[in-house]
Amino acid sequence: MDKLCIVGGRRLEGEIVVSGAKNAALPILCASLLSAEPLRLSNVPDLRDVGTMLCLLEQMGVTVTRDGNVLVLDGSRVDNPVAPYELVKTMRASILVLGPLLARFGHARVSLPGGCAIGARPVDQHIKGLQAMGAEISIEHGYIEARAPRLKGALVVTDMITVTGTENLLMAAALADGETVLENAAREPEVTDLAQLLVAMGARIDGIGTDRLVVHGVERLNGAEHSVIPDRIEAGTFLCAVGAAGGDVTLRRVLPGHLDAVVEKLREAGVTVESGEDWMRVAMSGRLKAASLRTSEFPAFPTDMQAQFMALACVAEGASQVVETIFENRFMHVQELNRLGANISVDGNTALVTGVERLSGATVMATDLRASASLVVAGLVADGETFIDRIYHLDRGYDRIEDKLRGVGANVRRISEAGEEA
Ligand SMILES: CC(=O)N[C@H]1[C@@H](OP(=O)(O)OP(=O)(O)OC[C@H]2O[C@@H](n3ccc(=O)[nH]c3=O)[C@H](O)[C@@H]2O)O[C@H](CO)[C@@H](O)[C@@H]1O
Ligand SMILES: C=C(OP(=O)(O)O)C(=O)O
């Protein structure tokens, strides 16, 4: 297993180009199952999760051609509508094949994803929505077995706001017979990006970007071209890294409007952030100030940025309160940050971060994707060497993070299992 070694204490200066968004690319790749014509997708990030999703789609019969960040996916020969446990267990987003398979082929067999480090994460709302659209669904031997000769439009009101739930139902509804109304829909930019691709494929969707999506089902969808939106969470991670380590960095190919809540908290903490149409400049010198936050659905502060912001709060002056409202177990990074000298206590879904003057490097373990990113942020600040173990979590969602950080002056190297350094 690879690890990262970071020698902290360097200011970060220069430019970083932000990659395409993991959480937009994954549902968009699944949309290739909806059509017999090819999708040409650009700005697809080079990530482990993207590799896993392509593997899953290929074993179903999708043909994939890759040229750098441009992918062509051809779903004309799909003949195996099955998502096996071996792939689903490594990436929960595999559940996103359920809606498209059912809508186009009338049946699907998808392994139940099971829980993960950050919470139980059931998929009951995905199932409930498809049942409302007429699907017969049973759970057999750990697999969701779904059948529907043709899905029918329906009113679906989810019990809570669910991002992949909205995406699954949106894809299913695009090919259903009649009108589907998705109430309480997620408004995350990644949902909007998927909706825009579907429209380019010929889907008829009203209310894009709102919590009420109205989908007028069509008989078939065509091929399309689409560029994946920039990754707001990758960008936000770099904003926190510069805020914590100090420096002056410009992010390129970013959509600043997707990061308003994060920027507001960074400014509260004393970080300077400026932006233009597709760039952001982040600058910090001196001591950070405490800033409290509460995670919530878009456009509020994203749960996927909670851990990275907490790492920054560790070295701020004063106490910050961090409330996690989306996942029940998303504080796995706290223990590891405390190993680096942070002072964080947790009570239920609330963490109290009492800022310290300095962190000190140690060996820590990545437990999930954004927890790993928070350890990278902390490692950039800590005195001496920080070794981060199990960075396969980081590789799920960050495209060459060590190269990007080295490009702005960080001392970061990857140590492969064989002991080689890169
Ligand atoms: C691939 C992807 O896009 N992942 C993102 C997606 O995950 P994901 O789509 O899995 O997260 P959801 O929005 O579905 O989860 C929100 C909450 O609803 C609960 N829930 C969800 C569905 C359901 O059927 N039943 C249920 O109880 C979950 O356990 C969680 O507590 O949105 C999350 C919340 O912004 C992000 O942290 C993830 O990075
Ligand atoms: C939790 C995340 O991803 P996933 O839903 O794929 O586990 C994330 O991107 O932070």
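Quick reminder: no glycine exception, Cβ is built from N, Cα and C everywhere.
According to TrEMBL, the feature domain 'Enolpyruvate transferase' maps to 8-405.
The number of other CB atoms found within 10 A of the CB of N23 (phosphoenolpyruvate binding site), across every protein chain shown, is 25. Positions annotated as phosphoenolpyruvate binding site by TrEMBL: K22, N23.
Sequence annotations record features per position, and here TrEMBL assigns UDP-N-acetyl-alpha-D-glucosamine binding site to R92, R121, P122, V123, D124, Q125, D304, I326. In the three-state DSSP scheme, I326 (UDP-N-acetyl-alpha-D-glucosamine binding site) is classed as coil.
Every protein chain shown contributes to the tally, and the Cβ of C116 (active site, proton donor) ends up with 15 other Cβ atoms within 10 Å. Taken from TrEMBL, the feature active site, proton donor applies to C116.
Here TrEMBL flags C116 as 2-(S-cysteinyl)pyruvic acid O-phosphothioketal. For the recorded site, C116 (active site, proton donor), the DSSP three-state label reads strand.
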Most distant Cα pair in Å, residues R92, R121, P122, V123, D124, Q125, D304, I326 binding UDP-N-acetyl-alpha-D-glucosamine: 22
Lowest local Cβ density among D124, D304, which the record lists as binding-site residues, within 10 Å: D124
Top Cα neighbour of D124 (UDP-N-acetyl-alpha-D-glucosamine binding site) in the set of recorded positions K22, N23, C116: C116
Close-lying binding-site residues around ligand 2 among R92, D304, I326, where CB distance stays under 6 Å: R92, D304
Residue pair C116 (active site, proton donor), N23 (phosphoenolpyruvate binding site) - Cα distance, angstrom, rounded: 17
Which same-chain residues, if any, lie at least 6 apart from K22 (phosphoenolpyruvate binding site) yet have Cβ under 8 Å of it: P45, L47, D49, V50, D231, I233, E234, R396, G397
Those recorded positions in K22, N23, C116, D304 whose CB falls under 6 A of ligand 1, listed in sequence order: N23, D304
